Amino acid sequence: MKIMKVVSSSLTIPFRGTLKNPFLLSQKSASGILLASFHSDSASNHGHLSVFHKITKLDDALQLFDEMTQTQPMPSVVKFTQLLQAVTKMKHYSCSIHLFKQMLAIGAPVNLYTFNIVIKCCCQMSCTRDGFAVVAYGFRRGVVHNVYTFSTLLNGLILEDRILEAERLFKKLIKQKLCEPNVVMYTTMIKGLCKVGINDTAIALLRLMNKRGCKPNVMTYNTIIDSLCKDEMVDDALKLFNEMIFHKGIVPDVVTYSSLIRGLCYLSRWDDAVKMLREMEDEGISPNVITYNILVDSLCKEGMAEDAQTVLSIMVERGKVPDLVTYNSLIDGYCLRGEMEKAKEIFDLIRMRGLVPNLVSYNSLLNGYCKKLQIDEALHLFHEITENGMNHNVVTYNTLLQGLFRVGRCKDARELFNEIRAHNQISPDAVTYAIVLEGLCYNHRVDEALSLFRMIGENKLNSDIVLYNILVNGASKCGKLDTAKALFNELSIKGLNPNVWTYNVMIGCFGREGLMREAQRLFLQMEGRGCPPNRVTYNVLLQGLLKNKHFDTIEMLLQKMDEQSFSVDASTFSMLIDHISSGSLDDSLLKLIGKLVPKEGKEAAFLPSRYVKGMLLVKQSGSIFENYRNCIRNQFLVHIAKLRYDRQGVPNRRDPPFVKHAK
């Protein structure tokens, strides 16, 4: 009776049915040849197998089932199960379940394999609960379920994102010795854990497999390696990769290499990605379409669309046919660079290659037009989507809303927003509200933004710190200090904790208004409230102090930044140099400032144009500025070579202009 502790006895599925089958069609619609083959091969199981393999239409399967139920004696359980399997292969899952009920009603023979087919159908229809009921029903008929049955149920729970329930089931199966998990069951459970990012437990389960004498296969390792790469834990993935090859003797496949290449490319580890690609080909494993798509997409996201197109050419030369994913990545890549003509050429190429652009294709091109402020083209594309029989989604609306606000067409944007709210199938999400509120603030319509925010009512959006940050920032930049302070004070009433971005906005607001005592008070409060200042906080406060000529605490703040390894940004650096050159600050600070300039990364790349103001002090500062200038220049050149900005200097930014802080 142990099995009853696993399945829910309260979950039942009605198996009583009538002989009348609503799916059956008339005799005229059935394939006479197929039925004739069935009867002529009645003495041979192999003959029946060939008949079932010929079934490609549901009508024929249902007609054959009707014939079988009227045959005396009734065909064997093998033949009924083969027919059920044929219907399931055509993905007519609900029909398979109905036929199973009919078989039970007329007393047709069923066995474990029949039950497993029906359980799989339930799980594929996201009705795993019914699958458990079928298991319970089978148990009452004396059917002993096997590891395949429970693997199917486990996979069903995972498909429905019921990971905790899947884990409980897996543990019960082992603890109560209902079945000994095989490699398929272990891999299924590992897939579920990786699906929600519980990599540590997945690896622990891999170790348990080895301990219990179940040898993992390439799919088991691929599942964990792919999950680690998606979570940017590429070094851990590479360790597992080496373990798989050198300790377990498992040969990696194209999926293994593709996952690792994706992870390396995402972290811009191009040399390692190229090395992995070469190793892959040295092992005689050819990249597939997915591998090439990873390379194309990664290059496009780094602003290297021309290199991505070169990869596409190589892909074609090697006999791999680019798919819609390939072309969509290229469209997005050119849009990110602002090269809309090339993006449109790729978009038009999709149809020339016999493919049909999907909503992702349209949304990428729409985003490109909006970022280039080509709103008329964007609106034309927006209407073209519905003309081609597709429906807009919330991403489409959000993208166009951004564009309309960017060019100041607030009335059109509000009308579009009202259209979304009136839509029966699409609801505005948190990003939509963020775009609208910041768009209104961007166009100096803070009161209108506040009015909309109050209209949202008491729900989770009205208690979203991101939306509050947008309004506080908008009010402060429009000179509405009282409104910004009121919103900030409202947070404690709502039970919301200001985050570092909130504090940064308020400190900047006080700095612009010359209220440095209030700015410093907030700065000191942050640590005590569990929200330590970050690099931006220090820079904002320094800029306020320098602007308002409060020099007393400048050196202390710079020392604290040095202790925490924070760097000064371009604006702060320029202001410091200005005040040193005018004599307002002592030039002894130059050594300390030299330690705070960024030495690497994107931040360093944007400083060269800003440090020119300090060149008057190069002689006084000795080698500090010379070293600094050379360091920054080199980093700048490396950065440019890496990201390959276009001639207009369009950076590689994927964040929408109004919601980049929401991350």
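Each Cβ is built from the backbone N, Cα and C atoms, and glycine gets one as well.
Here TrEMBL flags 146-181, 182-216, 217-252, 253-287, 288-322, 323-357, 358-392, 393-427, 429-463, 464-498, 499-533, 534-568 as repeat 'PPR'.
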Averaging pLDDT over all residues of the repeat 'PPR' (534-568) gives 92
Residues from the same chain, set at least six apart from the ends of the repeat 'PPR' (534-568), whose C-beta lies under 8 A from its own | 500, 503-504, 507-508, 510-512, 514, 516, 519-520, 523, 526, 575-576, 579, 584-585, 589, 592-593, 595-598, 603
Helix, strand, coil: count each for the residues of the repeat 'PPR' (253-287), based on DSSP.
-> 26 helix, 0 strand, 9 coil
Long-range environment of the repeat 'PPR' (429-463) - Cβ separation under 8 angstroms, sequence gap at least 6 | 394, 397-398, 401-402, 404-406, 408, 410, 413-414, 417, 420, 470-471, 473-475, 477-478, 480, 483, 494-496, 656, 658-659, 662
Helix, strand and coil residue totals from DSSP for the repeat 'PPR' (429-463) stand at 23 helix, 0 strand, 12 coil
